[in-house]
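What TrEMBL records for B:18-435 is domain 'DUF112'. The feature transmembrane segment is assigned by TrEMBL to B:20-53, B:59-83, B:104-130, B:136-157, B:164-186, B:206-229, B:317-340, B:352-378, B:384-402, B:459-481, B:540-558, B:579-608 (among others).
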Amino acid sequence: MFTKTHPLKTLPAAMLVAAGAIAATPALADDFYEGKTIEIVVPFGEGGATYVAAKFLEPFLEKHLPGSPRVDVQTRPGGGSILGANWFEQNAEPDGETILFTTSSTSNPYVLGMEAVEYDLAAMRPAYSLPFGAVIYVSPRTGIDSPAGLKEPDMPLIYGGIAAAASDLPTLLAFELLDLDIQTVLGFDGRGPARLSFERGETNIDFQFTPAYMSQVVDMVEAGSAVPIMTGGSVGEDGVLSARDAAFPDYPSVYEVYEELNGEAPSGVEWDAFQSIGAVTFNYGLTAYLPAGTPDEVLEIFEATIAAINDDPEYQQQSQDAVGGYSLLPASEVTESLSEALQPSDEVREHLRTLLSEEYDVDL
Amino acid sequence: MLENITTALAILFEPMRLLALFAGMLAGMVFGMLPGLGGVAAVSILLPFIYLMDSYSGLAMLLGAISVIYTADTITSVLLGAPGSPASAPTAIEGHALAKQGKASLALGVGFLASMVGGLFGALILSVAIPIAGPLVLALGTPELFMFALVGLCFAASMVGKDIVVGLAAACFGILLGVVGAAPAAANYRFIFGQSYLMDGLSLPIVALGLFAVAELIGMVAAGGGIASKSMAMGKWGESFREFWRSRWLIVRSSIIGIFGGFVPAVGASASTWIAYGHAMSSTKDKRRFGKGEIRGVAGAEGANNATVISDLVPTMLFSVPGGPAAAIFLGALFSFGFYPGPRMVSETPDLMYMIVWSVALASVMGAALCFAVTPYLARLTRINFALIAAPLLLIMVAGAYQGTQTFGDILALLVLGVIGWLMKNAGWPRAPVLVGFVLATPMEQYFWLTTQIHGFTWLTRPGVLLIASLIVVPMLLNLVRRWRSSKASTSADQAGSQPASDDDAPRDTAVLLLASALLLVTFAYAFYEMLGFRSNARLMPAVGIVPGLALSVYILGRQLNRLRWQGRIIHLGSRQELPVLAGILAYGVAMWLIGFSLATPLLLAWLLLKCAGMRLASAALYGAIVYATAQGMFALMRLTPPSGIWFSLPMPW
């Protein structure tokens, strides 16, 4: 599913194009961006994973967008990405020239309904997503060599994370869903320091996103100091977070592990919560949002551009190292499912809020 | 390996790459010299440009900047007395005191050479990253990281000058500033007053700029004339080389301390500099000159901070965990060029690794040489009317601060901290402990909770912990023994020597002192009240700062009131003549908020150049236009839109 692009359904698309043409200044798609500059707002600091991915995509967007615009990655860090997203909500014009490129750090506070959030992410229009898979692995000292082993480790499992309401949320929800007995140590200031702690033997279960897993953990697995167990999974054809991660077809998804441990497919509010947060964190890990009200014409341009980038042999070659080899997901594959994930039922939202405030002492 | 070393040198010696390295060095020198701005500012300004070059040139440019910042900051620290970058506070104390005695060249020379040695040691440890540095980084567990931060804080707090009560209160205040924002151990936001700006806490450049640079600027503009009231005697370089040679082993040991500082993420140069300074103190027999111009203090601090910023690259290259903020940006640059740091990268692309080592080594040596070359010219600048320098300096500070989050919060934070710095300066309170408390509060809290969660209380018996703890305990014991011996053998004459002057020898503005003491008490009292509402896991570290801070501030205020009653009058000193300048700068802040940077700045320039510097209209207009254009150019260079006003904003052509 990673390389496939659905052609836009013709009729509604044509209608929307007409609507867009009225709303925005009419322009030919061929040179829509000629002489323009697209500002990609990254609400994190320079050097972070999101910044790196945005910089990686920059030349490909410049090459394939019609009219060859200049693409300019701007950082607006602060407030755990909330400041940058708020800025975007207040300042970005729906003209396709300003894009918010961000992660679940922006969507989780939105889903949880945190006070500082001033942006309406579900009203924005996703232009494309880059999956950001993750692998959960353990130390060989735990004696665990398969998902089933998670239930009876040789020693208590200790997990190191950053904060419950941040990028650790899907992992913690997976532990909850699988009913694992894991001591959670939060307060690391990044996944890198958490991994160093694993390497030192202070923690014994960890997860890393694909790029860091490729450059750091693969060697540890080869050296026998880490054992990969499962991935967060990816959204399959049916819209469920059940499929295997395209970058790691050999490792089962959380969904499969649940099936193996419990003999039935996961369901209920715990699964819905994991799926909602997990889909946004992994499958739509890095998503480019256009402001609400962006005309369909712009989205169509991106739809075609993303397909062209995915077909670009240079992208296929370089993305392996840079972002784990994932193809970009065009809006047609993202919009519906992401919108669902961003607006979970009240029951799921309540479950998340209760879990965070009771188990992890989060002040929402 | 030898082959790789020479290939790497050949890679670097392409004219374009050398030029890039040199350009980076120049940028690093400028940013090192601007008070308060350090590596992060320099590297993030260079970042957009590196993508115009090939990967080796781009990286060389960043490395050039990183390697010379802590060399060039010596100049500002010594000549101005305000730390050129946050980790050079000890240099500002000792070096500036030396400069006032007419020994600026001694302080500068030893500072440059010690920085150079520190940089070379950093390069050395990078070149043995895989066999030696990597295992060392992994050997430092969370408890050791905690201890390193703790030792740094202890050293800084115990070396704050003669009034230990005020020094400790300042460190407590620093901790209070440091705990603003999200608590690491519990999802609790502290002291953010509902502002999302404060959720990530205050940023180090803004705290450093506000506390030191703004206050110095106000003082100097108000005093009129140059930075140095009379022509600053530089002295001869020769003595500095001799002194450097005499302190060579101290510098080597400090560089090694600095290297370990680099292995500890987030603690970095701010802790290692103070630890090295403390080491310099404990390894010097005659401690009386510390705080009043001790060259060994400069040697230790400068050797350490440069070694730290280079060895920050070790965890960056081996584990892709940046050792410091500048290294974090360097890591991003590596990723962008398609290098994925890890043991594999280091062993598979040795050319890159040695190119980095060479760049650092070369920039360290050339940077020191360049600093020697430019210093005589810079020393002359200190005699120009400061209001002329103040204008561009203030604009650079605004731009530097605004780079943080590009919201008005940055400007507001800068001004509020500027007022605090100004109050502290005029009250005669040391500001360096505030900075250290601020920097170390977060990592200390974080590492403490991680340590107790992971290890329970068994961590207290780890050999590494005991070893680092001995760094605090042994000098303390030695000191006690020495004092006990001297008190047994001493006469009253010796006591007069060890207690050189009472607190009151420096003229102080009692009005400001009273105000500052009262404000401090109110701040701590409020913080204490607010702290009671925190979750238990989020309360410990604030309590470490607030509880003693409250007690100390009660004592300070009481002591002040008591003295006042005794003296019977309030003395106003220099601060009164500084008030108009303070008001002017605050008015600039308000104007920026209302009508934006682009319109408020001409007003500021007019006021500074015509009123404060007394320039003629024509020359003021010309100079002002140049400064204004440069400031706008700087915003454009950093790809920032200058702060816009809420009433009106000048539309910008870009």
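Cβ from N, Cα, C; glycine included.
Caution: TrEMBL annotation is automatic and unverified by curators.
Remember, it's a predicted structure, so these values are computed and weren't measured experimentally.
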Other than its close neighbours in sequence, what residues sit by the transmembrane segment (B:136-157), given a CB gap under 8 Å and a spacing of at least six beyond its ends?
167-168, 171, 260-261, 263-265, 267, 270-272, 274-275, 277-278, 314-315, 318-319, 432-433, 436-437, 440, 443-444, 447-448, 450-451, 454-455, 459-460, 462, 464-465, 468-469, 471-472
Per the definition of 3+ C-beta pairs under 8 A with sequence separation of 6 or more, do the transmembrane segment (B:384-402) and the transmembrane segment (B:540-558) touch?
no
Comparing B:20-53, B:164-186, B:317-340, B:459-481 for Cβ pairs under 8 Å with the transmembrane segment (B:59-83), the winner is B:20-53
At a C-beta cut-off of under 8 Å, are there same-chain residues at least 6 beyond the transmembrane segment (B:317-340) that contact it? List them, or none.
38-40, 42-44, 47, 50-51, 55, 58-59, 62-63, 66, 69, 126, 129-130, 133-134, 137, 204, 262-266, 268-269, 308-309, 311, 346, 349, 352-353, 356
Chain residues outside the transmembrane segment (B:352-378) and at least six past its termini with a C-beta under 8 angstroms from it
4-5, 7-9, 11-12, 21-22, 24-25, 28-29, 33, 56, 59-60, 63-64, 66-68, 71-72, 74-75, 79, 105, 108-109, 112-113, 115-116, 118-120, 122-123, 126-127, 129, 234, 237, 306, 310, 313, 317, 339, 345-346
Beyond a gap of at least 6 residues from its ends, the CB atoms lying under 8 Å from the transmembrane segment (B:540-558) belong to 165-166, 168-169, 171-176, 178-179, 183, 190, 437, 441, 444-445, 448, 514, 517-518, 520-521, 523-525, 527-528, 531, 534
Any residues 6+ beyond the ends of the transmembrane segment (B:579-608) with a Cβ under 8 Å from its own?
214, 217-218, 221-222, 387, 390-391, 394-395, 398, 408, 411-412, 415, 418-419, 422, 620, 624, 627-628, 631-632, 635, 642-650, 652
If we skip the immediate neighbours and take only residues 6+ beyond the ends of the transmembrane segment (B:459-481), which ones have a Cβ under 8 Å from one of its Cβ atoms?
139-144, 147-148, 150-151, 154-155, 275, 278, 282, 451-452
On the 0 to 100 pLDDT scale, where does the domain 'DUF112' (B:18-435) sit on average?
85
Six or more residues out from either end of the transmembrane segment (B:20-53), which same-chain residues have a Cβ under 8 Å from its Cβ atoms?
12, 59-73, 75-76, 80, 82-87, 204-205, 208-210, 212-213, 216, 309, 324-326, 329-330, 332-333, 336, 359, 362-363, 366-367, 370-371, 374, 378, 393, 396-397, 400, 403, 637-639
